[in-house]
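A.B. asks: Mind looking over this structure? Questions follow.
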Amino acid sequence: MDGFTTEIVDNHAKFDPRGSSTYRQNGRPLSITYGTGSMTVSQTEAPFMQNMQADGIFGLAYPSLSLSSATPVFDNMMNGGLINQNLFSVYLSSNNQRGSAVTFGGVDTNHYSGSITWIPLSNELYCQITVDSVSGNGQAVACNDGCQAIVDTGTSMIVGPQSDIDNINAWLGASSQNGEYIVNCSNIGQMPDATFNINGNQFTLPASAYVYQVQYSSCITGFGATGGNMWTLSDVFLKQYYSIYKRGRNMLGRAKAR
């Protein structure tokens, strides 16, 4: 990739402007705040990122979310006519080490089965949608009156308002310990499906998708609380459903991942 080197700093490759034909110095300071950290210059990184396997964060949200008024990479792709369609697709493998893929300008039929369900976005900031409710065994257990959710590949757990997350985990029989919700690993096979009802469609997560084994006999649920009212449909959800982000129509596509 233009301008990137194999030199490793803090375990990661870094951008070298001397190797870029498009880099221009403009003298403006750079400061970006993440949900769990920040950076103040382009050659440093937040402490939470130092042990990540990935080299950094690749932003694919709307330009209105840009803190520095920069044009996001995907918008440059669209504006430059570099892709066949104004969309990108994400496949998250259930194997944490390999197999995940992002496809720019199209979809990869090898990564999903069945038909694609299209959901309108409710806000052009994040990839934000309206969830009608979260249910189990035919009964609403959270988000009873509808709620807003963003779709985010950079978050591990499904997170939501404290009261809703408490309701879900109580329904699952989980006990709260130090901010985590503990379940007996031997019960996973008997735990119910959790269903997200979105735009008249049902997206179901089995217990095998929303429970993590953290030790030999210790398991936690993938439902965690956040300080606000917004939900985040994270890797727990995205590993089950192939996602298509149609920027040209402001729609989100969902299909069963395989």
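Each residue, glycine too, has its Cβ placed from N, Cα and C.
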A.B. asks: For Cys143, what is the disulfide-bonded cysteine listed in TrEMBL, choosing from Cys127, Cys147?
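C.D. replies: Candidates were Cys127, Cys147; TrEMBL matches Cys143 with Cys147.
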A.B. asks: Between Cys143, Cys185, Cys219, which of the disulfide-bonded residues has its C-beta surrounded by the fewest other C-beta atoms within 10 Å?
C.D. replies: Cys185
A.B. asks: Report, in whole Å, the straight Cα-to-Cα distance of Cys219 (disulfide bond) from Cys147 (disulfide bond).
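C.D. replies: Counting only the Cα atoms, the answer is 28 Å.
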